[in-house]
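Database features, via Swiss-Prot:
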BINDING   Gly82, Asn113  anthranilate 1 binding site
BINDING   Gly82, 85-86, Ser90, 92-95, 110-118, Gly122  5-phospho-alpha-D-ribose 1-diphosphate binding site
BINDING   Ser94, Glu233  Mg(2+) 1 binding site
BINDING   Arg168  anthranilate 2 binding site
BINDING   Asp232, Glu233  Mg(2+) 2 binding site
Amino acid sequence: MRFEGIMNDIMDFRNLSEDEAHDLMEMIMDGEMGDVQIAALLTALAMKGETVDEITGFARAMRERAVKVKIPESMRVVDACGTGGDRFKSYNVSTAAAIIAAAAGVKVAKHGNRAVTGSCGGADILEAAGVNIELGPEAACRSLETLGIAFMFAPLFHRATARVAPVRRELGFKTVFNILGPLTSPASAEVQLLGVFDPYLVGPVAEVLRNLGVKRAMVVHGFDGNMNPAMDEISTVGPTLVGFLEDDEIGIKRLMPPDFGVDVGQLQHLKAASTVDGNLRMFMDVLAGLDDTPGRKSRLDIALANAGALIYLAEMEDTLEGGTEAARETVESGAALRLMEDFASFTQNL
């Protein structure tokens with residue numbers, strides 16, 4: 001496969017086959033492309049728009065080469081991850097939701113990275129909370145078995161992620177790697193809550209998950225109260241577009257905050273802080289269940305709605321509203337905050 005030929009095809013707006021995309025990702029992972037070539041490729045793909053076949057091929061290659069976390073066959077794990085790069089840049093909702101869901105009994109294998117375009121990614125917030133994020137596959141599996149949660153730092157498990165990280169930072173805009181991160185769980189999670197930065201990705205990404213063998217999933221994009229695309233999370237300030245995947249069938253629905261059992265909140269309260277320390281304060285307030293101000297209540301409610309979806313996907317509750325109620329009870333009992341403290345202590349001693 002010649003790089004020049006592939007680039008000419010992409011710039012002529014010809015879509016790649018799944019196999020071509022697979023082989024192209026192998027070239028990246030094998031170090032056959034320089035930084036300038038990678039930057040040109042990512043830019044051209046972003047301008048053309050990536051297809052389901054292309055994303056599937058890229059993800060399949062990354063999954064094949066990933067350092068695997070060997071999960072016991074009897075354990076059903078759930079992954080909670082967003083693409084990042086959303087317009088609003090909300091605080092670390094999916095990470096808070098993962099902790100709450102794990103405290104409620106869901107086995108959560110969270111796969112993530114540092115922030116690329118924002119101030120604080122999932123890896124950044126967990127590290128700030130005291131978690132050792134650089135665990136290998138055996139230690140991650142031990143964390144999952146002992147605590148019910150593990151964090152897998154993407155660059156340690158994916159050569160491609162580490163290879164393109166400097167290029168992505170320099171480019172500064174969303175690329176296919178924003179989409180690929182949540183699709184390439186080293187734990188091969190068959191259940192997933194995946195937030196996307198653009199509502200037009202909801203259906204295609206659900207198709208990719210199906211192609212990759214995921215059994216049950218929700219792909220979500222949240223809007224603000226004026227129907228503007230806003231966040232790669234379930235929204236509590238406006239509608240959420242959801243792609244439900246179950247039994248190889250995909251259904252697209254629009255849900256409102258009451259469908260998740262929460263009140264309509266205020267968008268301005270969900271915005272990420274400008275520093276890691278500021279985000280950490282928000283994050284810990286949520287896990288502690290603080291809701292004594294409008295801002296704290298809004299941040300807690302969105303975490304509960306997203307945690308509730310994880311509980312629902314894990315089939316611990318029959319409805320999304322029931323999942324949110326279970327998440328609320330978990331936080332009110334103090335279990336979420338205790339798990340966060342245990343997670344930090346456990347991983348530092350591995």
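Placed from the backbone N, Cα and C atoms, the Cβ positions cover glycine too.
In the shown protein chains, 20 other C-beta atoms lie within 10 A of the C-beta of Arg168 (anthranilate 2 binding site). In sequence order, Asp79, Cys81, Phe151, Met152, Ala154, Phe157, Gly181, Pro182, Thr184, Ser185, Pro186, Ala187 make up the list of same-chain residues 6 or more apart from His111 (5-phospho-alpha-D-ribose 1-diphosphate binding site) whose Cβ falls under 8 Å from its Cβ. Same-chain residues at least 6 positions away in sequence with a Cβ under 8 Å from that of Arg114 (5-phospho-alpha-D-ribose 1-diphosphate binding site) are, in sequence order, Gly121, Ala123, Asp124.
Taking the Cα atom of each, Asn113 (anthranilate 1 binding site) and Asp232 (Mg(2+) 2 binding site) are about 15 angstrom apart.
Among the binding-site residues Arg168, Asp232, Glu233, the ones whose Cα sits within 10 Å of the Cα of Ser94 (5-phospho-alpha-D-ribose 1-diphosphate binding site) are Asp232, Glu233. Taking a C-beta cut-off of under 8 Å and a sequence gap of six or more, Asp232 (Mg(2+) 2 binding site) has these contacts in its own chain: Gly82, Thr83, Gly84, Gly85, Asp86, Ser94, Gly195, Val196, Phe197, Val220, His221, Gly222.
Here the C-alpha separation of Arg168 (anthranilate 2 binding site) and Ser90 (5-phospho-alpha-D-ribose 1-diphosphate binding site) works out to 20 Å. The binding-site residues under consideration are Ser90, Ser94, Asn113. Their Cβ neighbour counts within 10 Å are lowest for Asn113. Other Cβ atoms within 10 Å of the Cβ of Gly82 (anthranilate 1 binding site), summed over all protein chains shown, number 28. Glu233 (Mg(2+) 1 binding site) is surrounded by 28 other CB atoms, counting those within 10 A of its CB over all protein chains shown.
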